[in-house]
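Read through the structure below, which is laid out as structure tokens, and then see the notes.
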2 protein chains.
Amino acid sequence: MIKFDTSHAMEKAFKAAQEAALKGEVPVGAVVLSPDGETLSIAHNRVEETYDASAHAELLAMRLAAQKVGSPRLVGCTVVVTLEPCAMCAAAISHFRCERLVFGAYDPKGGGVEHGARVFEKRSCFHKPEIIGGVRGREISQLLKGFFQQLR
Amino acid sequence: MIKFDTSHAMEKAFKAAQEAALKGEVPVGAVVLSPDGETLSIAHNRVEETYDASAHAELLAMRLAAQKVGSPRLVGCTVVVTLEPCAMCAAAISHFRCERLVFGAYDPKGGGVEHGARVFEKRSCFHKPEIIGGVRGREISQLLKGFFQQLR
């Protein structure tokens, strides 16, 4: 059970996603919260800027948070991200030992939590977070749709 | 079809894995080769050193190679890694658009290619590399076994 409200964190993640869009990056934003609900890190996609195909919002946010904590394990921490994580990021959430995942829009094409590889449902998954999906889904889907329509 | 010999690259990856063990990191090493078979990057696991649970050998090697190439897409490149990639790294191989994956030992517990999430076998997988697994598997398994026995 989540012990604190994550709507502020989702608002920060959403703003980070909007910033990403302005920079020509796929608009996804993420925040990592400490066990007490404090913001440890905020990040958005930076794939094009950094020439790093793994620079997804939640992966960057977890790496930043781990630097802050001084450990590769984010025990008790919550990842709040605007889009359903892909298989890479879902598996990374296990590697970082995050306790909770709160995500916005579902991603039937690229998602790896409720779709595709369904990383956390595999027997071999050694760490499964508590998961809450679909938060502010419509609004976030609109942001993504608008971005991809502009690209065409 | 692989157009060049990857055994030298696997030897380099194996040496990187041995180095990792000396530093107390899980002994996995990786190399990324250009479309012509030239070495673009070499890396080993650095999870503990860098407080980064995503700092797996092949992910680091791909990030380094992409910096070198100046693009988040490693078109035509080959990833050579001593251990079957986990779901995170397998999905990253798709994100980086690598053309080939050559790996050493199979990893029934943590692997995400031939085990667990089987990332590349999902319909939603948008980029599947050519895959060759089991190269020098016994020798590499020995290195890993030795490392984990020492830890206990």
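Going from the start of the chain as shown, residues are counted 1 onward.
Just so you know, glycine gets a Cβ as well, placed from its N, Cα and C.
The shown structure was predicted, so the numbers you read here are calculated from the model rather than taken from an experiment.
Annotated in TrEMBL:
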| type | residues | note |
| --- | --- | --- |
| ACT_SITE | A:E58 | active site, proton donor |
| BINDING | A:H56, A:C86, A:C89 | Zn(2+) binding site |
| DOMAIN | A:4-114 | domain 'CMP/dCMP-type deaminase' |
Where A:H56 (Zn(2+) binding site) sits in the secondary structure, as DSSP reduces it to three classes: coil
Cβ neighbour count within 10 Å of the residue listed as 'active site, proton donor': 33
For A:C89 (Zn(2+) binding site): DSSP state (helix, strand, coil): helix
Between A:E58 (active site, proton donor) and A:C89 (Zn(2+) binding site): CA-CA distance (Å): 7
Other C-beta atoms that fall within 10 angstroms of the C-beta of A:C89 (Zn(2+) binding site): 32
Rounded distance in angstrom between the Cα atoms of A:C86 (Zn(2+) binding site) and A:E58 (active site, proton donor): 10
Cβ neighbour count within 10 Å of A:C86 (Zn(2+) binding site): 30
Mean of pLDDT values spanning the domain 'CMP/dCMP-type deaminase' (A:4-114): 97
